[in-house]
Amino acid sequence: MLAVAVLAAGKGTRMKSALPKVLQPLAGATLVERVLASAANLQPDRRMLIVGHQADRVEEQLAAIGLLEFVLQQPQNGTGHAVQQLLPVLQGFEGELLVLNGDVPLLRAETIESLVNGHRESGADVTLLTARLEDPTGYGRVFVDADGKVSAIVEHRDCSEEQLSNNLTNAGIYCFNWQALAEVLPKLSTDNDQGELYLTDTVAMLPKAMHVEVADPDEVNGINNRKQLAQCEAVLQQRLRDHWMAEGVTFVDPGSCTLSENCCFGRDVVIEPQTHLRGSCRIGDNCRLGPGSLLENAELGSDVSVLHSVVREATVGNGVAIGPFAHLRPAADIADGCRIGNFVEVKKSQVGAGSKINHLSYIGDASLGENVNVGAGTITANYDGVRKHRTVIGDGSKTGANSVLVAPVTLGAKVTVGAGSTITKDVPDGALAIGRAKQLSKEGWADRPA
């Protein structure tokens, strides 16, 4: 059996944030959610999160994950003290305990699997994850004997000059035989500079300690401040871009674009500079996004272009052109072959196939049929100060420039609205609707007496 414990009790003082450190966002998910996801493929029998600082907030954020046990560490007195809180929780448990850190979010699933499998194959009491760092300053050094066993872990400040030349470091991630660990946990001492209980000290107490070296040291980067958060974001973003480039997506300027891990792309998608995708985006084949666009929880069909525009929680069909400077807001549903042009905003509306809203319009709480042509400056006046009302426009209708449709109102099929009209009443199929003051021209106005 396998139990996973994630250490998530720390304050994260150096983040200088009201948000607990483990809830800081990284490419669309919190740090601790990424850590939990990295171990999901192991299908652990128990998953425990050791919480402390703002425990209620952490539990509330993660409650939806399910099958997650929360263990309170109060006060927070070191990593060894955190794992001691599992003694009553895992009473009678037989198997391995995998200990992960809630602020180390770049671990790959295959690295964790390698650690657990290596531990099981070696029959060790503990197997720790190690990394060779170009600059190991500040890290504890791991020393290994000829048989591959860990002979010692020496903190940086205690290393001799010769020992400092060793760049094999302790990543602080462990796989234990739980029964062996449970015997030594009560023996931990606070006899150290910080007066805390260190989980690292258990390694020297256990008869057989082994290690597995991580291939990519970036995987064990911890996060203690905003700079390190940004560095990890950069690493993760590069991973995501590399993955999708291998799947047939073109990034014109990769470093200027950001993705969420929940994005999915078809083939031959081109992403122009300064384009950002957040949340769960689904992008079809042959789309061109950007430059300078933001998509969030958006679903696009194939052959869609988005130029200098924002698409949030909207659905877009095939062959649609969006922008420049358009804004599709939540619940906008744009059918195949539409054109959503310059400075157009669409909110909570359905736009039928082949319809065009080319310039300077607001379409809100509306339903447009197929092949509707919305003239420049057409506005659906949907709000009466208390409630929102719907506008319905039938197939093949067209509105002239600078028209106002005051909802609730329905225009039938093949209706024409004269330019500059304010329409307040329903219009039947095939009709011409004009709602504007009669033009009055007064001759000689410029020459009138002062």
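Yeah, the Cβs are placed from backbone N, Cα and C, and that goes for glycine too.
Model, not experiment: these values are computed from the prediction.
Among Ala419, Ala446, Ala450, only Ala419 appears in Swiss-Prot as part of the acetyl-CoA site alongside Ala376, Asn382, Tyr383, Arg436. When DSSP labels each residue, the region 'Linker' (227-247) comes out as 20 helix, 0 strand, 1 coil, counted as helix, strand and coil in that order. A Cβ distance under 8 Å defines the sequence-distant neighbours of the region 'Linker' (227-247), meaning residues of its chain 6+ beyond its ends; these are 15, 24, 26-27, 105-106, 218, 221, 254, 257-259, 261, 263, 265, 267. If you count neighbouring Cβ atoms within 10 Å for each of the recorded positions Lys21, Arg329, His359, the highest count belongs to Lys21. In the structure shown, across all protein chains, Ala9 is the one of the binding-site residues Ala9, Asn170, Tyr362, Ala376 with the greatest number of other Cβ atoms within 10 Å. Taking each Cβ in turn and tallying the other Cβ atoms within 10 Å, the top scorer among the binding-site residues Leu7, Ala419 is Leu7. Comparing Asp103 (Mg(2+) binding site) with Lys21 (UDP-N-acetyl-alpha-D-glucosamine binding site), their Cα atoms are 7 Å apart once rounded.
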